[in-house]
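Look at TrEMBL and you will find 12-34, 54-73, 85-108, 129-154, 160-178, 190-209, 240-259, 280-305, 345-369, 390-410, 443-463, 521-542 (among others) tagged as transmembrane segment.
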Amino acid sequence: MVTPGDIGSFTVWDYLVFALMLLISAVIGIYYAFAGGGQKTSKDFLMGGRSMTAVPVALSLTASFMSAVTVLGTPAEVYRFGAMFSIFAITYAIVVVISSEVFLPVFYRLGITSTYEYLELRFNKFVRLLGTILFIIQTILYTGIVIYAPALALNQVTGFHLWGAVVATGVVCTFYCTMGGLKAVVWTDVFQVGIMVAGFSSVIIRAVVVQGGIGPILNDSYYGDRLNFWDFNPSPLQRHSFWTIVVGGTFTWAGIYGVNQSQVQRYIACKTRFQAKMSLYVNLLGLWAILACAVLSGLAMYSIYKDCDPWTAKFVSAPDQLMPYLALDILRDYPGLPGLFVSCAYSGTLSTVSSSINALAAVTVEDLIKPYFKSLSEAKMSWISKGTSLIYGAICIAMAALASLMGGLLQAALSIFGMVGGPLLGLFTLGIIFPFANSLGAVIGLLSGFTISLWVGIGSQIYPPLASSNLAKPLSLVGCNFTSIESNWTSTVMPMMTTLFPETQVSSRPELADSWYSLSYLYFSTLGTLVSVIVGLIVSLLSGGLKQNINRDFLLTSEDFSYLNVLFSSCKKKGEEKVEVLNWKARSTDTYVEQGTDNPTFNHMEMTSTEKREKMNGIIA
């Protein structure tokens, strides 16, 4: 092993591997643009014609949020703080159960395209509009980080051209999203998951060979205090503990898997509800596999650099650059393999950005265009959907320039989802679980949760938690040889802390800085969800929520847990185009019976009389 700092550089073979990954992704988009007669309707474009099966959708779900944030951020997290991050395996299992058993049954039954259609069916147009706008802001911000931050980290270590990479990935991504719609996004995700696993595997296998087996890696990790799986400290101020990861992480990821359009759009595109549920459970295996790869990479990194930390030694300028640095260091004698790792990171970027673009197009078309232009034909809506994808692709590339303000990767990305995703999760929870929640409670609850989340989130950016709450592990320089170090990376500096503002001196910190603003970033979502639900319930009860007569199709009911009925119904209805309520009992009071792939959005449900509307969502006199 040569001195850290004296690492290899990118070769022609590496650029060829990267270019090949982009080319295959683009070809998949072209194929689905014309396969089966092309994307004739907006339903074909946005929902894959509701004909997807469980396995490709499962891999797509895995790829969508196992992004470059995971590829670069998680190994660095394990390297610096230990393997406690692997407790997320428990979190993912809880989240998948919640998503498949609580949210999926209602969304699938209604046959909606945008999750925010549900908000109008359950509450009113204003709640739907509010949810849509919050989602669009959240997704554009997140996508900016996902495009820019990995490009910056890889640029600094490998010399890979920063804006060339940003624009190339953004353009290819926009191209196949616009050409092939959801089917192209799902199948490119399948390909990109394969690339992500291959990239991780190349680093892990080479590290095991270099260190003489998995035993020395685990031994070094044990004596370096990196195998710290269990820490049951209940303090909400500690950045990561068993409770912050399991409780806070569950709320954060439930906001992603349960109600986020990017994920929901995929599993409700499955042809049966059984396939949709299967996609979530198979996706769990994918999540565990990628998490295991990332944690193993972090432990291997520690074993290799335990005596000479490249970050402390200034060979890299931020922790996010450690993983590409390791890849270039140990794979330099194998032309093309460093390129495979960079392709692995950018596959994460492509899969996430394509999901975001497709989801943004879906909510824009379904929530902001269809309601106000009802006379448009399906062919025109298909072209509008494609145009919307193109516009959002350009916006996301532009947002990448602003994302540099956000600093470090992992925490920034999850903080955004916590601040915005938490209140939205609370809003959907109100609608699906509590029949007496009304539109007034929903609006006030959502705004209250969002206000509290923003307060604590922005406060934590202005006054970052003190280092004592992070529990960072010691790093050493005793084995470093500083006599001859060559560096091949450029000088764009990435902030080490996820701060939007300059760090404030300890002496000027207010009292709230070491309590309220020091809350673990994983609890932002928990806080937003709980405030939204509690405030929403109180306001609903005070404003006559108990007098409502809500259509049971909009609620989670006991019938949704009849697994045998689900299995029986999915077998019986296999091959049918209509998505029907599975084993649903007819009720004479229900006026809403239209189901299936002809999406029952609100424009199919315009009520011609006040009496009918009251039967739907109204007040009993």
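Even glycines carry a Cβ here, placed using N, Cα and C.
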Contact count check, CB pairs under 8 angstroms to the transmembrane segment (160-178), set 85-108, 190-209, 240-259, 345-369; argmax is 345-369
Does the transmembrane segment (85-108) come near the transmembrane segment (280-305), with 3+ Cβ pairs under 8 Å (pairs 6 or more apart)?
yes
Among 190-209, 240-259, 280-305, 345-369, the most Cβ pairs under 8 Å with the transmembrane segment (54-73) come from 345-369
Name the range, of those listed as 240-259, 280-305, 345-369, that has the largest tally of Cβ pairs under 8 Å with the transmembrane segment (190-209).
280-305
May I ask whether the transmembrane segment (345-369) has at least three C-beta pairs under 8 Å with the transmembrane segment (129-154), counting pairs 6 or more apart in sequence?
yes
Within-chain partners of the transmembrane segment (345-369) [C-beta distance under 8 Å, separation at least 6 from its ends]:
18, 21-22, 25, 42, 46-47, 60, 63-72, 112-117, 128-129, 132, 135-136, 139-140, 142-143, 146-147, 150-151, 154, 165, 169-170, 172-174, 176-177, 181-182, 185, 188-189, 191-193, 195-196, 199, 260-263, 265-266, 323-324, 376, 381, 384-385, 388-389, 392-393, 396, 599, 601
Which sequence-distant residues neighbour the transmembrane segment (240-259)? Criterion: at least 6 residues beyond either end, Cβ under 8 Å.
61, 65, 81, 84-85, 87-88, 90-92, 94-96, 98-99, 102-103, 115, 230-234, 280, 414, 417-418, 421-422, 424-425, 428, 471, 520, 522-526, 529
